[in-house]
Amino acid sequence: MQVYAVGGAIRDELLGKPSQDRDYVVVGATPADMEAAGYKPVGKDFPVFLHPRTKEEYALARTERKTAMGYKGFAFYCEPDVTLDDDLVRRDLTINAMARAVDDDGKLVGPVIDPHGGQRDLAARQFRHVSEAFAEDPVRILRVARFAARFHDFTVAPETVALMRRMVDAGEVDALVPERVWQELARGLMEARPARMFEVLRQCGALARLLPELDRLWGVPQRADYHPEVDTGVHVMMVIDCAAAMGTTLAVRFAALVHDLGKGTTPEHVLPRHLGHETRSVELLEDVCKRLRVPNDCRDLAVVVAREHGNIHRSMEFGAAAITRLLERCDALRKPGRFADALLACEADKRGRKGFESDTYPQKARLLAALDAAASVDAGAIAKALADDVSKIRERVHEARVAAVDARLKQLADH
């Protein structure tokens with residue numbers, strides 16, 4: 001049997017980028033051969049084995065045949081007569097359909113095996129499908145979009161965009177399970193330029209099917225004095241790229257993505273103003289989270305940011321009482337980490353505008369100082385002192401927090 005490293009490891013080597021892991025394909029072997037060599041079987045859908053020493057995954061070379069819609073609708077053939085080229089031709093993109101032989105020590109040996117022009121497309125910075133079999137797996141649309149967020153100087157070949165459009169028109173993306181859609185979107189959000197992912201999804205029409213709430217933001221105007229970029233979709237893309245450049249978590253980037261969804265449903269006669277869009281954004285993002293089964297931490301932060309980002313932006317004008325109410329609405333005293341993340345999303349929102357990319361965000365330091373002051377109030381001691389009149393506990397705790405925040409704001413003003 002012959003072992004080859006395939007896919008991303010070869011692509012990244014040619015690009016001079018580190019590769020986190022390798023995919024291995026074994027040609028000319030049966031499952032019995034693999035087990036006899038000490039490999040442990042782990043694959044459910046097709047034969048995959050763990051190396052006895054490194055525990056890396058090795059898959060038998062295989063071909064695929066489409067049997068139903070969706071990404072699970074495949075039958076696999078994994079016999080010793082399947083060649084390396086048979087295996088490579090089923091892969092998504094030419095840049096992922098290259099291989100190199102691997103010796104007994106796990107080292108890459110020999111030339112790059114490139115039957116489909118992957119090196120040519122790497123040089124041209126282009127994503128191109130290997131064959132029409134690309135159309136059999138709708139996850140590949142999401143993967144191409146995600147790769148665009150990682151390799152953001154690449155473009156999608158026109159014929160590949162056209163094929164992706166045909167897949168969308170045929171309803172293939174509608175058959176994707178929500179968990180897989182979220183998984184790919186989440187991975188793309190964590191890349192260097194997540195906006196590129198959504199640009200590619202729009203380009204082929206997939207965004208309108210997967211996230212219509214986001215897709216409808218393009219073409220919706222905002223006030224040019226606040227948003228020189230005007231277009232709401234453009235603004236949101238600037239915000240998520242800013243959040244990525246800040247090195248934020250997935251929850252922050254998702255909150256940045258969905259914070260303005262309500263602007264897509266603003267009545268035309270009030271444009272470019274968007275009064276009440278915060279409430280509409282919360283309703284829409286909750287629908288998105290339910291549909292895609294978004295994790296609770298991402299959903300909860302997104303709700304806080306969508307509902308309160310306008311107040312957080314205006315908080316430099318707020319006194320102690322208004323700031324304390326804001327902290328309490330955000331549950332900042334019980335969840336200070338989430339509140340700090342909300343401030344990061346709001347900072348990205350402010351800087352994600354044409355001409356404002358390098359702005360500072362003094363609201364963040366002021367609100368964190370206010371939170372520190374409010375947290376210094378001993379609510380337990382107040383409750384103990386009012387044990388005979390518990391109805392006043394919440395009011396007195398709130399008053400004490402306002403006083404503490406007021407004192408801290410005066411200190412900041414003096415400095």
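Backbone N, Cα and C atoms are what each Cβ position is placed from, and that goes for glycine too.
Feature annotations, courtesy of Swiss-Prot:
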{"type": "BINDING", "residues": "G8, R11, R91, R143, R146", "note": "ATP binding site"}
{"type": "BINDING", "residues": "G8, R11, R91, R143, R146", "note": "CTP binding site"}
{"type": "BINDING", "residues": "D21, D23", "note": "Mg(2+) binding site"}
{"type": "DOMAIN", "residues": "232-333", "note": "domain 'HD'"}
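Neighbouring residues of the recorded CTP site, listed in sequence order and excluding G8, R11, R91, R143, R146, comprise G7, D92, L93, I95, N96, F147 (Cβ within 8 Å of the Cβ centroid). Cβ neighbour density within 10 Å is lowest for D21 among the binding-site residues D21, D23. For G8 (ATP binding site), applying a Cβ distance below 8 Å and a minimum sequence separation of six or more within one chain yields S19, D23, N96. Look at R91 (ATP binding site): DSSP puts it in coil. Mean predicted confidence for the domain 'HD' (232-333): the pLDDT average there is 97. Cα spacing between R143 (ATP binding site) and D21 (Mg(2+) binding site): 17 Å, rounded to the nearest whole number. The sparsest Cβ neighbourhood within 10 Å, among the listed binding-site residues (R11, R91, R143, R146), is found at R143. Under the three-state DSSP scheme, R11 (ATP binding site) falls in the helix class.
A helical conformation is recorded for R146 (ATP binding site) in the three-state DSSP classification. DSSP classifies D21 (Mg(2+) binding site) as coil under the three-state reduction.
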